[in-house]
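Visitor: Among the features that Swiss-Prot reports, active site, proton donor/acceptor is placed at His141, Ser262. The annotation N(6)-(1,2-dicarboxyethyl)-AMP binding site is assigned in Swiss-Prot to 4-5, 67-69, 93-94, Gln212, Ser263, 268-270, Asn276, 307-311 on the grounds of similarity to another entry.
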Amino acid sequence: MIERYSRPEMSAIWTDENRFQAWLEVEILACEAWAELGVIPKEDVKVMRENASFDINRILEIEKDTRHDVVAFTRAVSESLGEERKWVHYGLTSTDVVDTALSYLLKQANDILLKDLERFVDIIKEKAKEHKYTVMMGRTHGVHAEPTTFGLKLALWHEEMKRNLERFKQAKAGIEVGKISGAVGTYANIDPFVEQYVCEKLGLKAAPISTQTLQRDRHADYMATLALIATSIEKFAVEIRGLQKSETREVEEFFAKGQKGSSAMPHKRNPIGSENMTGMARVIRGYMMTAYENVPLWHERDISHSSAERIILPDATIALNYMLNRFSNIVKNLTVFPENMKRNMDRTLGLIYSQRVLLALIDTGLTREEAYDTVQPKAMEAWEKQVPFRELVEAEEKITSRLSPEKIADCFDYNYHLKNVDLIFERLGLA
């Protein structure tokens, strides 16, 4: 991932240095397991633990000849050792090291993402409680529907992110799995104890069965979860973008002193952070499709997945780490304009209360069709003539003969629509 969208802690996980260090840890742990079984002398393993090292430039130099990165790595490590070098990679195949180390790196990345998600959920929760009763227009198909609150909108986001948090925990468990089962998964040249030992030391589970590789449905599921989280963030960001339009201006991203919105137009205050979220989500969703393409490998393995995963797994975790942190700050510092929300509610001249009038007429004994046919012409007239809907209702004898002035006034009270806000918040555990 390019530096612009990278945060140091996450990026550090995916450096060549950290990747090779993970490979080395798998190699040494495997030797420790062999020592427990009495195959490798414990003194040799002690020396390996103390002295085994690598030089990245040397690995790359060797790889020019071997055209195999793991062989280059093991040779470079062997050069740092004495007689005990013969135990490097003992009984292992390349993917025993690579796949197990990859899962270990993903575990490191997951620990960061989990904290990011939990922080984001908490930020949305506090913002929802702050705006629990901030009344605003609910829109369906982009058209004014009925009143809601900004707090309810945020509470919806909070509940969605709680689901994403649970999905992530499940995907985390599914991907934090290692395998050291040999060339085709039969443990022909490796004792299953070695796999169990290494995985336990790394905080991974051992795959119940594998071929030369871990099966890539795990990685596809993991990437799908990252993509869904990114898409939820995009969904929220698109909402902010819509509400920040000049003709709406119900919310606005924080605009810092000295910030510029346009090179040409000094007045511009654009929702660039939210727009950025949309672009980043597109990238992660694209990576998800690549992960799905990686599932059908040939027989017990091929390496068609390898080149893709070197890109998509680091990039996706780095990108989501960036998204979660940037959008958390956008929500936390979001400027909300309650007066604009109320002003926008009035722009449709009371049409948002049409259902209340409809139901009130039904309560007097009209059929639904009769009530609808009575109210709709008045609503259409309000649209077309830009006349307050309430005035037309109060002038319509078919309505006033059934509804008292007090009842009509009651139909146009937005507080009616907020009567269950407390109940919804309690149901969500946000009270």
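In case you wondered, yes, glycine gets a Cβ from its N, Cα and C as well.
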Visitor: Select one residue from Arg4, His68, His141: among these recorded positions, choose the one with the most other Cβ atoms within 10 Å of its Cβ.
Guide: His68
Visitor: To the nearest Å, how far is the Cα of Asn276 (N(6)-(1,2-dicarboxyethyl)-AMP binding site) from the Cα of His141 (active site, proton donor/acceptor)?
Guide: 24
Visitor: Does Glu309 (N(6)-(1,2-dicarboxyethyl)-AMP binding site) have same-chain partners at least 6 apart in sequence with Cβ under 8 Å from its own Cβ, and which are they?
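Guide: Glu309 (N(6)-(1,2-dicarboxyethyl)-AMP binding site) has long-range Cβ partners Leu102, His219, Ala291, Asn294.
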Visitor: Mind giving me a neighbour count for Lys268 (N(6)-(1,2-dicarboxyethyl)-AMP binding site)? Other Cβ atoms within 10 Å of its Cβ, every protein chain shown.
Guide: 13
Visitor: Of the binding-site residues listed here (Arg4, His68, Ser94, Lys268), which is spatially closest to His141 (active site, proton donor/acceptor) when Cα positions are compared?
Guide: Lys268
Visitor: In the three-state scheme derived from DSSP, which category covers His141 (active site, proton donor/acceptor)?
Guide: coil
